[in-house]
Amino acid sequence: MARFLIVEARFYDHLNDMLVAGARAALEAEGHEAEVLTVPGALEVPGAIAMAAENGEFDGFVAIGVVIRGETYHFEIVAGESARGILALTMDGIAIGNGILTTENEEQALERADPARKDKGGEAAKAAIALLKLQDRFGA
């Protein structure tokens, strides 16, 4: 059994609830433990994961959040920089599944967040589990 930290950027409560439920269900189905940490926004997710990874309390991480395109350039910054930060941590050997949705509208986000539909929270958790298995295989 491994311990995972689900780090959620809580902005759209109903969508986040679905993403977290999907991630938690996928982790528990494999016999893993899950804890949830909430941060203000998607840009804070990589930093929170980096801090949590320092103490070795968790074996892997699931990044959760929803970024919906608005009328300004802010969407591109948040979507790109949060993904870049997560990728950089993954390249450093931290097992992270990225479940931060970047969509054009709320309907697309709902389709992807709902565990009964596309279940992107569950997919992100499964990705984190897969990366943790690779860590074990390669002794990282």
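From the backbone N, Cα and C atoms, a Cβ is placed for every residue, glycine too.
For the 5-amino-6-(D-ribitylamino)uracil site that Swiss-Prot gives as A42, L43, E44, V66, V67, I68, N98, the extra residue drawn from F11, F58 is F11. Around the Cβ of I68 (5-amino-6-(D-ribitylamino)uracil binding site), 18 further Cβ atoms fall within 10 Å across all displayed protein chains. Comparing the binding-site residues E44, E71 on other C-beta atoms within 10 angstroms of each C-beta gives the minimum for E71.
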